[in-house]
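Chemist: Copied straight from TrEMBL:
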{"type": "ACT_SITE", "residues": "K157", "note": "active site, proton acceptor"}
{"type": "BINDING", "residues": "G53, W55, D76, D92, D117", "note": "S-adenosyl-L-methionine binding site"}
{"type": "DOMAIN", "residues": "21-200", "note": "domain 'Ribosomal RNA methyltransferase FtsJ'"}
{"type": "REGION", "residues": "250-315", "note": "region 'Disordered'"}
Amino acid sequence: MGRTSKDKRDVYYRLAKENGWRARSAFKLLQLNEEFRLFEGVTRAVDLCAAPGSWSQVLSQKIGSPQGSGHVVAVDLQAMAPLPGVLQIQGDITQLSTAEDIIRHFEGCPADLVVCDGAPDVTGLHEVDEYLQAQLLLAALNIAAHVLKPGGCFVAKIFRGRDVTLIYSQLHVFFSSVLCAKPRSSRKASSEAFAVCQGYDPPEGFLPDLTKPLLDPSYSRDLNQSDGPTRSIVPFVTCGDLSSYDSDLSYPLDLEDGSEPKYTPTHTGPHLAPVPAGLHIEEEGAAGQGDPSPGLRHQHSGHIVPAPGCPTATP
Ligand SMILES: C[S@@+](CC[C@H](N)C(=O)[O-])C[C@H]1O[C@@H](n2cnc3c(N)ncnc32)[C@H](O)[C@@H]1O
């Protein structure tokens, strides 16, 4: 077993092939779910930037099925091969029409969960790539603001670059809890992580509008800061049990006992309190300073109004 960062076909790639996942990213969502129980009580989920579709596969297995009550809507610029139980929209997440299409597919009912594993084409220039990723995340947040129920959850890929604290501040405007999580299947060498935002709770009077910058000063005021006393420092959580495979190691095709590598999901408890064995938690942002969450609270407002017959939101 050796360490390599060049081995693109790592153990998760092989496990994905063996288990019929369309991409190794499936394990990232599975490991995030093990930690945060993202799918509990979810009947409507939106997968933004979904192609080739491994996150949609996970969502359809966990919450949706052709016969079941769950509904999954997947959106991507690219066409995607059909998946049972997943309704697909070929569209751009920066467009208002995409949010409207999603709402139409849910027949006016709000979503419980919005996930986004979106990635723009990489330029190789770190700062440009981080900026583009942040813009995509904000586009996803904008869609979430149109479709998410109060108390709903939003998970999005983030690059932990220099200005990530500003994004955390922005997310804190809309969610009561914001964390940064790194699944074990995400390579350590990559600055990729996932913002896990729970408790959708936009500022009073906020009306989702893709034409308006999210950070309207009337909603965010002092929060739009990447430094200073009101900056957001969020907890950083690694997820996926330590006994699960490490994406930065290579493993033999056959294990010593002759068996093939297998992914064994673990079921760690709710995040942060108490800290499950094998979890490493540290602060993300400005290390070691202050309260990790400024504890913002706003009155619910500006959500889409549930259509008659939609279940009441359970935060
Ligand atoms: C890393 S892949 C997603 C992998 C997917 N989560 C899976 O598990 O199969 C990133 C995707 O983001 C999509 N994407 C990038 N910008 C987008 C945009 N503005 N609107 C919709 N999709 C976008 C790309 O087309 C690409 O398919």
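Glycine is treated like the rest: Cβ placed from N, Cα and C.
Unlike curated records, TrEMBL annotations are generated automatically.
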Chemist: Along the domain 'Ribosomal RNA methyltransferase FtsJ' (21-200), what average pLDDT does this model show?
Modeler: 92
Chemist: Can you tell me how many other Cβ atoms are located within 10 Å of the Cβ belonging to W55 (S-adenosyl-L-methionine binding site)?
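Modeler: Summing over all protein chains shown, W55 (S-adenosyl-L-methionine binding site) has 28 other Cβ atoms within 10 Å.
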Chemist: Just to be sure I understand the contacts, which recorded positions have a Cβ under 6 angstroms from any atom of ligand 1? Candidates are W55, D76, D92, D117, K157.
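Modeler: Passing the 6 Å Cβ check against ligand 1: W55, D76, D92, D117.
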Chemist: I want to check the contact list for G53 (S-adenosyl-L-methionine binding site): same chain, sequence separation of six or more, C-beta distance under 8 angstroms. What comes out?
Modeler: R22, A23, A74, M80, A81, L83, V86
Chemist: Pull out the binding-site residues from the set W55, D76, D117 whose C-alpha sits within 10 Å of the C-alpha of K157 (active site, proton acceptor).
Modeler: D117
Chemist: Ten-angstrom check, please: count other Cβ atoms within 10 Å of the Cβ of D92 (S-adenosyl-L-methionine binding site), all chains counted.
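Modeler: If we count other Cβ atoms within 10 Å of D92 (S-adenosyl-L-methionine binding site), we arrive at 13.
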Chemist: I'd like the number of other C-beta atoms within 10 A of the C-beta of the residue listed as 'active site, proton acceptor', please.
Modeler: 22
Chemist: Across the record's S-adenosyl-L-methionine-binding residues G53, W55, D76, D92, D117, the largest CA-CA distance in angstrom?
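Modeler: Pairwise Cα check on G53, W55, D76, D92, D117 gives a maximum of 18 Å.
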Chemist: Helix, strand or coil for D92 (S-adenosyl-L-methionine binding site)? Use DSSP.
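Modeler: Reduced to three states, the DSSP call for D92 (S-adenosyl-L-methionine binding site) is coil.
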